[in-house]
Amino acid sequence: MDGLVAQCSARLLQQEREIKALTAEIDRLKNCGCLEASPSLEQLREENLKLKYRLNILRRSLQEERRKPTKNMININSRLQEVFGCAIRAAYPDLENPPLIVTPSQQPKFGDYQCNSAMGISQMLKAKEQKVSPREIAENITKHLPNNKYIDKVEIAGPGFINVHLRKDFVSEQLTSLLVNGVQLPVLGDKEKVIVDFSSPNIAKEMHVGHLRSTIIGESMSRLFEFAGYDVLRLNHVGDWGTQFGMLIAHLQDKFPDYLTVSPPIGDLQAFYKESKKRFDADEEFKKRAYQCVVLLQSKNPDIMKAWNLICDVSREEFKKIYDALDITLIERGESFYQDRMKDIVKEFEDKGFVQVDDGRKIVFVPGCSVPLTIVKSDGGYTYDTSDLAAIKQRLFEEKANKIIYVVDNGQAIHFQTIFAAAQMIGWYDPKVTLVTHVGFGVVLGEDKKKFKTRSGETVRLMDLLEEGLKRSMDKLKEKERDKVLTEEELKAAQTSVAYGCIKYADLSHNRLNDYIFSFDKMLDDRGNTAAYLLYAFTRIRSIARLANIDEAMLQRAARETKIILDHEKEWKLGRCILRFPEILQKILDDLFLHTLCDYIYELATTFTEFYDSCYCVEKDRQTGKVLKVNMWRMLLCEAVAAVMAKGFDILGIKPVQRM
């Protein structure tokens with residue numbers, strides 16, 4: 001319902017802009033005596049009236065829906081925007097698309113949220129030669145606020161800021177709903193299809209630190225869209241085709257001549273690749289055979305296909321070890337999947353007159369893009385450009401994707417801009433209807449601020465990095481003497497949770513567009529915005545009820561029977577922070593920057609610490625340590641924090657443990 005209202009509103013605004021422009025043009029021409037009434041203008045006016053009628057019905061339906069109880073968490077910011085949107089439309093019905101700005105307040109003295117629309121509206125009125133101060137506008141907006149269950153009071157501050165104070169009973173009810181029904185977002189995706197293209201290593205080469213960011217960011221993004229109700233297809237566009245397979249297959253034939261009947265023990269594929277490359281560069285006869293193997297591969301020769309599959313399988317086994325360790329889920333759909341579609345792609349571009357021939361190459365110039373696409377090489381072979389065009393068409397027409405997200409490093413930005421522009425040019429999709437976007441990211445740097453390498457200057461193998469992480473996290477746990485209090489099983493679980501959690505969080509907590517410095521020392525530090533700190537904080541929160549002998553059943557019963565009191569300023573601050581979770585996730589769904597979630601989880605953990613230091617959850621006898629009183633509403637606040645943190649961790653792909 002929300003999406004339909006937004007879609008209809010956007011179309012209405014577009015129609016109104018078109019009407020305005022056409023009316024001005026017609027008035028100008030009429031003044032010259034050139035034109036009668038325009039049927040095009042009348043048609044637009046008629047459609048606009050229909051849209052306004054439909055939009056009003058939708059708004060009324062939405063208000064009815066809002067009154068019904070829901071098991072999902074509420075996006076409070078979004079609800080306040082609806083309330084202030086109604087007030088602004090009622091106060092200034094003649095303004096076209098007035099600004100609607102509602103944000104959480106930065107300081108308690110400014111309330112819980114602020115509406116800062118008055119200044120922008122003042123500027124719009126000034127352009128219409130109406131001089132009204134922002135403060136007067138703010139007063140007018142507040143007079144037109146509809147009755148609602150969210151706002152306790154509003155205050156006008158400074159030049160025209162509207163400070164919004166939420167109702168305590170509303171916040172308390174929302175926290176109770178969260179505890180009873182679990183952490184559930186409003187359904188946003190409505191089963192729209194999202195394709196996330198990420199990881200994408202090359203067959204016959206080991207995954208290295210350069211694949212880390214795409215794999216981690218893509219997995220987390222997929223989890224977020226799934227949680228928001230989208231149908232997500234996670235694709236691994238592996239490099240499993242091309243001339244390099246000719247030399248690998250030729251080398252396989254020489255080294256394991258009976259490969260068709262006996263499975264070859266290739267073992268170290270990286271070494272195998274280097275051996276074949278060395279021969280390819282030094283031996284002309286071998287190079288010729290390698291090219292012959294490429295031709296046979298492209299014609300799907302059965303023996304060559306068997307060799308190709310053997311090489312791919314060895315790589316897949318190596319990739320799987322990393323994906324299993326990091327809990328990554330992917331469907332492999334490599335370049336080979338699109339081979340049979342490429343001929344038709346080239347023909348379609350030729351038939352529409354987009355292809356030019358340059359030195360035997362078939363190229364496509366795309367408006368607004370500096371570098372043309374090469375869709376056929378001078379030797380008749382296809383390129384990455386052809387493969388990516390075939391992939392985007394398959395995803396749009398066969399998968400019927402509503403959103404396609406490519407999680408690939410910043411260095412590929414121009415390539416993807418050109419591919420997307422070419423797909424629009426040929427008419428495959430309309431960017432107003434379908435989102436096709438490149439989620440770029442910076443490189444991983446060493447502590448010397450240069451590209452992360454081994455001491456010998458080689459690229460860091462991803463498996464080596466993960467193993468080093470496991471070693472470092474165990475050292476850290478033993479340093480804290482956790483091996484003396486945890487069982488062997490608990491210690492192992494804590495080791496993997498900290499190791500992989502810290503590696504993922506260190507990546508995701510940085511703005512993805514920036515390069516980031518990889519440092520085990522920093523990421524394993526249990527102070528500051530790190531996974532180590534947050535995982536420890538989570539286990540501490542989970543232990544509060546356990547140490548007070550309160551089990552899950554008691555907490556569930558209390559959630560239904562106990563009113564959550566928010567009288568202490570730290571209780572109120574924590575309650576509001578918990579309920580901001582849906583608006584944080586909505587922001588990430590809009591801009592695709594996951595570090596916002598990390599910042600929020602850290603803020604939630606530090607806000608909890610403030611609350612816990614100021615508000616007794618469990619009151620004990622100082623001499624005996626005996627529990628005298630349990631403040632159950634505060635225990636419920638602890639439980640709500642843990643529930644939101646657990647869901648945040650899940651989206652980030654981090655597995656917390658109960659004991660650490």
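The backbone N, Cα and C atoms fix where each Cβ goes, glycine too.
Of the candidate ranges 79-93, 529-543, 604-618, 634-648, Swiss-Prot annotates residues 529-543 with the feature region 'Interaction with tRNA'. Within the set 201-212, 429-440, 501-512, the record from Swiss-Prot flags 201-212 under the feature motif ''HIGH' region'. GLN412 is the residue from GLN184, GLN412 that Swiss-Prot records in the L-arginine site together with SER200, PRO201, ASN202, HIS211, TYR384, ASP388. Per DSSP, the secondary structure of the motif ''HIGH' region' (201-212) breaks down as 4 helix, 2 strand, 6 coil. Here the region 'Interaction with tRNA' (529-543) has, by DSSP, the following mix of helix, strand and coil residues: 13 helix, 0 strand, 2 coil. Packing against the region 'Interaction with tRNA' (529-543) from elsewhere in the chain are residues 476, 497-498, 501-502, 504-506, 509, 522-523, 598-599, 601-602, 605, 608-609, 638, 641-642, 645-646, 649, 654, 656-660: each is 6 or more residues past its ends and has a CB under 8 Å from a CB in it. Of the residues the record lists as binding L-arginine, namely SER200, PRO201, ASN202, HIS211, TYR384, ASP388, GLN412, the two whose Cα atoms sit farthest apart are 19 Å from each other. Non-local contacts of SER200 (L-arginine binding site) by the CB criterion (under 8 A, 6+ apart in sequence, same chain) comprise HIS211, SER214, ASN236, HIS237, VAL238, GLY239, VAL408.
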